[in-house]
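Feature annotations, courtesy of Swiss-Prot:
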| type | residues | note |
| --- | --- | --- |
| ACT_SITE | H22 | active site, proton donor |
| BINDING | Y18, Y41, W76, W77 | substrate binding site |
Amino acid sequence: MKREAFKMFLKPGFEKEYEKRHAAIWPELKKMLSDGGVYDYSIYWDKDTNILFACQKTKGEESSQDMGANPIVQKWWDYMADIMEVNPDNSPVTIPLPEVFHMD
């Protein structure tokens, strides 16, 4: 099991839309993540900075950040690109966050 955290950047004024889209996450995306070993995945929003903090666990070495070649992921990126800071391929700009403390 591996834990990973990273931050992403939400464009101002799109908080409710971001929540709405994730409340209706595509079943095929959820299945692909789960089949890929991603679980216990949460995203938190800092309303003062519009930074999104994501935390996830994986059963293997691959995380959601390694699944960008999958067409389902690419379609999701395109769907979310208008409300997030993105790279030229529409992947969200992400910055890995090193773990500095953990308690079971």
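Just so you know, glycine gets a Cβ as well, placed from its N, Cα and C.
Annotated features, which come from Swiss-Prot, shown on the structure.
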residue: Y18; record: substrate binding site; Cβ contacts under 8 Å, 6 or more apart: L10, W45, L52, M80, I83, M84
residue: H22; record: active site, proton donor; Cβ contacts under 8 Å, 6 or more apart: I43
residue: W76; record: substrate binding site; Cβ contacts under 8 Å, 6 or more apart: W26, L29
residue: W77; record: substrate binding site; Cβ contacts under 8 Å, 6 or more apart: G68, V86, D89, N90, S91, P92
